[in-house]
Ligand SMILES: [Mg+2]
C-alpha cells in the first residue's frame, strides 16, 4: 500500500529495506538471476557487507561517533561476510589507518539509508550523506550516489515528492538518467556486474519505479542480476520509504541478524519515534 497521502511516515521498519534486500539478494550475487519467481528467504541467504555497513552508519549517528571509525570497527568485527568486501574496501578494512581511496563504487549508496531516515532537513541529509561517503568513497560519483539515495528516502518519507516526479528529480538534482527495466535486465543477463554508483543507483531507482509493492521491488532488483544484493539493498531502502514492508519479511530478516545488530536497529527505531 502506498502511503504518500500521509504527511510524514513513522516507520518502525526503517533501515530494514536495505537489510532485507541484502539478505534476499545475497545468494544470487555473482549469478545470472533473471526471474523474479524465487523463494525470498532460504538457508543459502545471509546478511552481507551491505547490512554490516548500514548498521554501522546507523550506530555512528545514534552514538554521535565518526562515520569512518564506526564503519571500520563494525567491518572488522565481521571480517569475512558472505560475498566478502570489495577488493579495495577489504584493504580499507584491514588497514590500521584507513584512508579514503577515491572510490566511486556503490558501497557509499548501499549503506546510507539511516541518514535519509534520521535527519529532517534536506541540507542535513546531503551533508551527512557526503560525510558518510567520503571516509572511503570520496570520488564525486561515490558522494553523489550516497546523496541521491538518502535524499530520495527523505523526500519520499516526508511526502515532498510523488513517485511520478522521481525520474525528473533525480535527473535534475543528481544527473541520473533512469534506464528501462528491459535494458537493465539485458545488462544483468549478460553477466555484467554493476559495481559503480553510476550504474547501481539509477538501476535500483528504476526497479523501484516499476514496482507495485515492497516485495515486488526487491524481486525486481534481484532478478535484474549483476550486484544483486547491493542493488536490492538500495532498491529496498528506497522502497521502504514508500511502501509498507510485510510483517513476515521483517521477521524473516530479523532471524538472520546477530543480537548486536538487532540492538542498533531497536535503538534506531526508538530514535525515529522520539526524534534525534
Ligand atoms: Mg554485499
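The first residue you see is number 1, and the count goes up from there.
Each Cβ is built from the backbone N, Cα and C atoms, and glycine gets one as well.
Here is what TrEMBL records for this protein:
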- 48, 49, 50, 227, 229, 230: Mg(2+) binding site (BINDING)
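Known features from TrEMBL, placed on the structure.
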residue: 48; record: Mg(2+) binding site; Cβ neighbours (10 Å): 24
residue: 49; record: Mg(2+) binding site; Cβ neighbours (10 Å): 27
residue: 50; record: Mg(2+) binding site; Cβ neighbours (10 Å): 32
residue: 227; record: Mg(2+) binding site; Cβ neighbours (10 Å): 31
residue: 229; record: Mg(2+) binding site; Cβ neighbours (10 Å): 30
residue: 230; record: Mg(2+) binding site; Cβ neighbours (10 Å): 33
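DSSP assigns residue 229 (Mg(2+) binding site) to a helix. Sequence-ordered, the extra residues of this chain that approach the Mg(2+) site, with Cβ no more than 8 Å from the Cβ center of 48, 49, 50, 227, 229, 230, are 22, 25, 26, 29, 83, 110, 228, 233.
The secondary structure of residue 49 (Mg(2+) binding site), as reduced to three states from DSSP, is helical.
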